[in-house]
Amino acid sequence: MLFQKTFTDSQFNRHSNRGEKPQYYVKGHHDAIISTEDFEAAQAIIVQRAKEKNIVADDEKYLSRYPFSGKIICAECGATWKRRTHTACKAKYYAYTCNTHLKDKNKCGQLFINETDFEVAFVNMVNKLIFSKKVLLQPFLNSLKSIDQANALTRINELETALEQNFDRRQVLTNLLSKQYIEPALYAKQNSELLAEAEELRNEKEALYRSVNGELENSKAVSRLLKYVNNSAGLAEFDAVAFEAHVDHITVYTRSEIGFALKCGLTLKERL
């Protein structure tokens, strides 16, 4: 916590401390709302997303980014939703609308949703997770940890051996052709078959790698989420950092129902 962010002058007027007085930073003064790991993970995500979108920190475009930007997906047409300013009774508020609907209402019938509805839904979802963590998150984490990856790793080793053997056979074919022991037509046929076989082996190996890595990533993500809810007594308002850290995207099914696709692989629906 940073102390003496303001000070009082001799006339008892309060001012923001911009270097006129010393300030003191006390690390670990109180329990954080979210863990340091979650905060750092969220910051890393924000930096990565800024790089992907060519956004420079502190510029106008960067400052215009919002937690839900690029993360709301329309279930009807698959498009992302756009943040817009609305006016009702001369009061302005923010809402999100499907990009397809904005361009052509006949191609998507989804209507806008108030930004605060998404925020409230997230708060409700997190509070439900806090309440049900022992019957939802912990069993889910246990199931991920219990998945036997030994068979997958054994199969990956078998596929790597098969790929090496496939390469050796193609080398033999090339040598036979160079010495004119086989006809070019026979070489082309057998080499084509071996290349097709190698492609199938590579595809299977890559699929297994993705499966193993995906399970590990999901396990790490649910561990972070479980740590977050264990350290939280409940949310009273929207937490943008927690949203960035744990939510991959939001799917809008209807104007009254959305789903939070969490980074751990779970999708939790909320009524609006």
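Any Cβ shown, glycine's included, is placed from N, Cα and C.
Among the features that TrEMBL reports, coiled coil is placed at 188-218. Long-range contacts of the coiled coil (188-218) within the same chain, counting only residues at least 6 positions beyond its ends with a Cβ under 8 Å from a Cβ of the stretch, are 144, 147, 149, 152-153, 155-156, 159-160, 162-163, 166-167, 169-170, 173-174, 263-265.
Sequence annotations record features per position, and here TrEMBL assigns compositional bias 'Polar residues' to 1-14.
Confidence for the domain 'Recombinase' (13-47), expressed as mean pLDDT, is 64. What TrEMBL lists as domain 'Recombinase' is 13-47.
The DSSP breakdown of the domain 'Recombinase zinc beta ribbon' (67-127) into helical (H, G, I), extended (E, B) and coil residues amounts to 18 helix, 22 strand, 21 coil. Residues annotated as domain 'Recombinase zinc beta ribbon' in TrEMBL: 67-127.
TrEMBL lists 1-20 with the feature region 'Disordered'.
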